[in-house]
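Everything below concerns the one structure shown next.
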Amino acid sequence: MKSVLVLLKEYQNQASSAERAVIRYLLENPQQSVSLSIHKLAAVSFSSPSTVIRLCRKLGFDGYKEFRSSMIYELAVRRQSATEERKEITKSDSIEDIVDKITYKNIISLENTKNLMDINTLKQCVKLICNCKTICLFGIGSSLVVAKDAHLKFLRLNKPCFINDDWHSQLLQARNMSANDVGIVISYSGQTVEMIECVRAMRAAGAPVIAITRYDSSPIAELADHNLYVAANESIFRSGAMSSRISQLNVVDILYTAFANCEYDYCLEQLSKTHIQKPKTTRFVIDLPQNKGDDADVGSDQDDDRNQK
């Protein structure tokens with residue numbers, strides 16, 4: 001299911017001035033707009049009903065009715081997410097409560113990430129990965145963990161892929177990229193200063209940039225060529241970036257699997273070739289003296305001492 005709000009944001013730059021007025025009102029007043037009829041929406045956005053219908057069809061909907069239904073559903077999901085975010089871990093929670101709350105938050109995060117996924121954008125990203133010479137991955141903190149997971153996955157498929165642990169090396173890597181490479185930047189906030197610098201360096205080098213980031217207006221989302229949005233329901237203990245990490249890993253898994261599916265037979269062969277066989281456990285056999293009882297053993301030692309004397 002495509003995100004209506006994402007579609008509106010992505011189409012905004014190429015829309016006509018009349019359509020842009022409608023889009024601006026919808027994005028600035030999403031809750032109020034879904035209760036308006038087509039004529040009222042046209043009036044408050046200083047456009048016309050025909051403009052609204054034309055916009056809806058350009059976004060892939062049959063008409064305003066289908067568009068409004070999709071938007072109502074999406075806003076309901078977002079409200080549910082906002083409600084769940086307030087269900088934080090409390091001091092009185094039992095272990096069972098923690099299991100239920102964290103698991104539920106992760107499930108909601110994955111469902112919302114699925115709803116935010118734009119299939120056309122995903123297809124373009126997979127095509128870039130298939131055709132590029134090298135994949136360069138970027139991330140710091142918990143996002144670096146996700147980037148390393150992606151690195152290992154693409155490495156198994158023999159796709160040239162690079163990741164550096166420190167930011168300075170990542171920045172140098174970004175500056176050395178070309179139009180034949182593709183950069184994948186992982187940043188939940190989309191505001192990490194170091195990652196913004198890397199994206200700017202890639203843009204200057206002419207390399208296409210894919211950002212895995214949260215659905216929001218952010219510097220990285222605006223600079224990237226393609227955005228794969230993630231949702232998250234973080235708890236107060238966000239130092240581990242729990243829900244966002246799960247969502248990011250899910251997007252990486254989708255990218256990796258879609259890429260592998262493009263070269264199915266070859267990738268299947270590569271997975272078999274790069275499978276690391278676990279070493280068999282070595283059994284150590286220790287020869288022990290025949291058990292004659294503890295007293296017998298002690299007695300034997302004492303006899304040996306007497307014989308030596």
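Using the three backbone atoms N, Cα and C, a Cβ is placed for every residue, glycine included.
Note that TrEMBL annotation is computational and uncurated.
On a predicted model such as this, the values are computed, not experimentally measured, just so you know.
Record features (TrEMBL):
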type	residues	note
COILED	1-28	coiled coil
DOMAIN	2-78	domain 'HTH rpiR-type'
DOMAIN	125-265	domain 'SIS'
REGION	287-309	region 'Disordered'
COMPBIAS	296-309	compositional bias 'Acidic residues'
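Proximity of distant same-chain residues to the coiled coil (1-28), defined by a Cβ-Cβ separation under 8 Å and at least 6 residues beyond the stretch ends, is recorded for 41-42, 44-48, 51-52, 54-55, 58-60, 67, 70-71, 74, 114-119, 121, 215, 229. As a summary of secondary structure, the domain 'HTH rpiR-type' (2-78) carries 59 helix, 0 strand, 18 coil according to DSSP. Residues in the domain 'SIS' (125-265) partition by DSSP class (helix H, G, I; strand E, B; coil) as 75 helix, 23 strand, 43 coil.
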